[in-house]
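S.K.: Dumping the structure here so I can ask a few things about it.
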Amino acid sequence: MLSRLARPAAALRRGLATTAQNNAKVAVLGASGGIGQPLSLLLKNSPLVSRLSLYDIAHTPGVAADLSHIETRANVKGFLGPEQLPECLKGCNVVVIPAGVPRKPGMTRDDLFNTNASIVATLTTACAKHCPEAMICIISNPVNSTIPITSEVFKKHGVYNPNRIFGVTTLDIVRANTFVAELKGLDPARVSVPVVGGHAGKTIIPLISQCTPKVDFPQDQLEKLTGRIQEAGTEVVKAKAGAGSATLSMAYAGARFVFSLVDAMNGKEGVIECAFVRSEETESPYFSTPLLLGKNGIEKNLGIGKISPFEEKMVAEAMSELKASIKKGEEFAKNFK
């Protein structure tokens, strides 16, 4: 299966390729934030994007004016505050949502729930009303809960399509590729590790056994590597010492996912990315696995594939936390007015 996974940096390079032409209309909700600004810059830099609609509750006119001076074809427009959100979303094919508060030292992704759950529910309600057919890419944490929230909001409005709602977990894959490459002295652009499960702590399950090229680690090193991938976000939060969380690497990963999605929507075949989606692959109703992307979103869920006993144990141990986070998101959405 993994031989078919796109090389990690390939999606980014495709996003920058001058020959590719497309007319994707992309909205970034939370465009003035730590992830939103570099993500918007990467999207503006891509010839795959013809229109870039930037939304936030502060500073978007400035961010849009700044980006609009870049000599690429995407037409950039900034939208400010809830009253301008409908106009921002009109006609969009892809909506990326990095809005919300970042983690601070000592916080888990789940600690962000109360603030970010309301933000995601409000923004996805607008999406359900004004661009119900768009691909929705959620970056806002905790992803294990914000994706169920998004699904419930779309169900409430009668426009739910599970093939078009994605929790962007690409940063876990990017980190796994980087860390494996460092340990083995490989070119990280040629390493591909699928990461399944969820997007928090022990629910992040790197399938090192399916790495391309094939790599082997002694058990103690494998456990240490796995732990580092699972806690890599905390590594950044600590290093930034209260000044934020992973923003630049997340912007890169978010752009990589969007470019892959747009490629697939454009008719490119064999595009595979992992994402946290509605799933029947395990007993968890949502689960991240490699997905074959197509014109209408998820073409086929490729499942977990053959995994090692160590990885099987991690999948089993992640279930209770995953289910609890999912239930928390669903309950929140049901009570959200």
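Using N, Cα and C of the backbone, Cβ positions are placed for all residues, glycine too.
Predicted automatically and left uncurated, TrEMBL annotations should be read as such.
Summarising the annotation, TrEMBL assigns domain 'Lactate/malate dehydrogenase N-terminal' to 25-167. The NAD(+) binding site feature in TrEMBL is assigned to Gly30, Ala31, Ser32, Gly33, Gly34, Ile35, Gly36, Asp56, Asn116, Ile139, Ser140, Asn141, Met250. Summarising the annotation, TrEMBL assigns substrate binding site to Arg103, Arg109, Asn141, Arg175. What TrEMBL lists as domain 'Lactate/malate dehydrogenase C-terminal' is 169-332. Per TrEMBL, the feature active site, proton acceptor maps to His199.
Just tell me what is around each of these and how deep it sits.
M.R.: Each residue of the domain 'Lactate/malate dehydrogenase N-terminal' (25-167) gets a DSSP state, and the totals for helix, strand and coil are 65 helix, 30 strand, 48 coil.
Cβ neighbours within 10 Å of Arg109 (substrate binding site), excluding its own Cβ and spanning all shown chains: 24.
Within the same chain, residues at least six positions away from His199 (active site, proton acceptor) with a Cβ under 8 Å of its Cβ are Arg109, Asn141, Pro142, Val143, Asn144, Gly167, Thr169, Asp172, Phe276, Ser288.
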S.K.: Summarise the model's confidence over the domain 'Lactate/malate dehydrogenase N-terminal' (25-167) as a mean pLDDT value.
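M.R.: Within the domain 'Lactate/malate dehydrogenase N-terminal' (25-167), the model's average pLDDT equals 97.
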S.K.: For Gly34 (NAD(+) binding site), write down the residues of its own chain that are at least 6 apart in sequence and whose Cβ falls under 8 Å from its Cβ; none is a fine answer.
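M.R.: Same-chain residues close to Gly34 (NAD(+) binding site) (Cβ under 8 Å, separated by 6 or more) are Pro102, Gly244, Ser245, Thr247.
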S.K.: For the binding-site residues listed here (Asn141, Arg175), tell me which residue's CB has the most neighbouring CB atoms inside 10 Å.
M.R.: Asn141
S.K.: Per 10 Å Cβ neighbour count, which of the binding-site residues Ser32, Ser140 ranks highest?
M.R.: Ser140
